[in-house]
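Pulled from TrEMBL:
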TRANSMEM  30-53  transmembrane segment
TRANSMEM  59-77  transmembrane segment
TRANSMEM  156-179  transmembrane segment
TRANSMEM  185-205  transmembrane segment
TRANSMEM  226-245  transmembrane segment
TRANSMEM  265-285  transmembrane segment
TRANSMEM  326-352  transmembrane segment
TRANSMEM  372-392  transmembrane segment
TRANSMEM  399-421  transmembrane segment
TRANSMEM  441-462  transmembrane segment
TRANSMEM  474-494  transmembrane segment
Amino acid sequence: MATQDSGQARLLQLGYIQQLPRVLSWQQNAAICFSIMSVTTAISGLFGTGLAYGGPGSLVWGWVLASFFTCFMTLSMSELSSSLPVAGGIYYWSYMLSGRYGPFAAWLTAHANFVGQVAFVASNEFTCMQMLTTWISLAHLGITGDSYALSSGQQVAMYCGLVGLHGFINTAPVQYLGWLAKLSSVWHLGGTLAWIWAMLIVTPAKQPLGTVLTTFQPNPMSGITNGVYIFLIGLLTSCWSLTGYDATAHLLEETIQADRAASQSMLAAAGVSVLLGFAYLLTLCSCIQDFAGVFDPGNETGGMAPAAQIMWDAFKRRFGSGTGSLVVLMVPLGTSFLCGLFSVTSASRMLYGAARDGSVAFLAPFARVSSLTGAPITSVLFVCILTLLPALTITVNPFIFLAISSLSTIGLAFSYAAPIFCRVFLAHSTFQPGHFRLGRWSYLCGGIAVGWSIFICIVFSLPAIYPLTPETSNYSSVGLILVLLWVTVTWIWARHWYKGPSPEICNSDIVKVKPHAWG
């Protein structure tokens, strides 16, 4: 007789019936999480922001700072995911750890995480579109010698095409996504290391390490004169890059022995991302040929793609032509495509769990699993539809991309902090850890993680350009206010019937963990 999977057994103890196919190994789960974090994509996409707000020194030391605090976040979340391995688990963790406040905590956390997930998908899709646009423009320049820029309509069509393709792939059986995730991890890790090796060989005049670590550049065009403020805005590059590790939690009901694999997957993905991202960022900064030239509107990328411009300049300085950079630019282009693909995977699983439990308003119809592929197809479709909404605004106003990236970082950081706060301050004496436990260090890690999340939410709501105009305003703060208003209004209605995630079975011989047992 086959032994029941420990993750499935734990799921039954929590009151849920296995519906999604449990076929992912911990390595495949980690590969998907690693692909979603995709530091190569994130750094390439927001490199210009960090470079403009502080320069190389700000980028590198900002990465060190963000990595340090991310360690505490992932340790705390690994402990929770090991104890409560449920799809979309973050809002469920808040519910189980908040006592009589559980329903509201779950409602608030689910909405924050859902908004963060959708904004994260949109920003990743835009990054992929932007990289593909840049590659096409540079290829045209290299072949014909003439510059070429895609129109706004072509960019919107490309964005929509990428979203549609990623959605279609996500309707496939999850085991195929698992295999694709392994290939993705090879491309991310092997491709990025190959990129680093190639750029260090090709670049004829590299910046000394001391220059990279100590060069701080103000941004007079921003209207901000305070150096600390400049550095804080530049942190967005690192903080946005080091998000998405909650993907491990969203895929736990599809992961073999999830109660054991959760911490392995999350810590492995985050640890490799921190190290690989630091190496990639340091190499990119070292290969800059002209600090001011990367933002020059008259350069080959129109000043809009600093990371690609650095690659082009390095090859041009070495060979007299930058066309060869198209080969190395394929690495971040490929990672951005895979990142967008698996961002949809994570967001759709989060939506499936929240819809099943009624934790997000009006989304109950999306808690369906295809009998043919085992994928939550309706959730995938809805995530893609929402991702298409900002298409026009992103291409018309580039500052909207920064706002959406900020909103995704804020939404995800808030949703990460909520269950950690509940575990440390509301369930400190009743929490039952799983296979991965922090012991007495749990309170210290949790407290630091919550403090860092609050810091992120405040900093990335601040304006990045003065004076404020409708074109330059940081709309992430507006988005945050609208989300909080939506949560408040819907809660006034939902509090009469929503009592938290609803177990699918109530057999006392099977269900070992009761609602509010730890709060």
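Just so it is clear, glycine is given a Cβ too, placed from its N, Cα and C backbone atoms.
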Check: Is the transmembrane segment (185-205) in contact with the transmembrane segment (30-53), using three or more Cβ pairs under 8 angstroms as the rule and ignoring pairs under 6 apart in sequence?
Finding: yes
Margin query: Should anything in the same chain at least six residues away from the transmembrane segment (372-392) have a Cβ under 8 Å from its Cβ atoms, list it; otherwise answer none.
Written below: 20-21, 117-118, 121-122, 125, 156, 159-160, 163-164, 166-167, 170-174, 344, 347-349, 351-352, 355, 363, 365-366, 400, 404
Check: For the transmembrane segment (326-352), which stretch among 156-179, 226-245, 265-285, 399-421, 474-494 has the most Cβ pairs under 8 A?
Finding: 156-179
Check: By a Cβ-Cβ criterion of under 8 Å, what residues six or more beyond either terminus of the transmembrane segment (399-421) are in contact with it?
Finding: 46, 49, 73, 76-77, 80, 90-91, 93-94, 97, 105, 108-110, 112-113, 115-117, 119-120, 122-123, 126, 236, 239-240, 243-244, 246, 390, 393, 446, 449-450, 452-454, 456-457, 460-461, 464-465, 471-476, 479-480, 483
Next item on the list: Sort out the residues at least 6 away from either end of the transmembrane segment (226-245), same chain, that have Cβ-Cβ distances under 8 Å to it, and list them.
Entry: 33, 36-39, 42-43, 46-47, 49-50, 52-54, 58-59, 62-63, 65-67, 70, 73-74, 77, 120, 123, 216, 218-219, 266, 269-270, 273-274, 277, 343, 346, 402, 405-406, 408-409, 412-413, 456, 459-460, 462, 464
Margin query: Which sequence-distant residues neighbour the transmembrane segment (59-77)? Criterion: at least 6 residues beyond either end, Cβ under 8 Å.
Written below: 47, 50-51, 212-213, 231, 234-235, 237-239, 241-242, 245-246, 249, 266-267, 270, 274, 277-278, 281-282, 285, 416, 419-420, 423, 438, 441-442, 445-446, 448-449, 452-453
Notebook entry, point to check: Which stretch, 156-179, 265-285, 441-462, tops the Cβ pairs under 8 Å count with the transmembrane segment (474-494)?
Noted result: 441-462
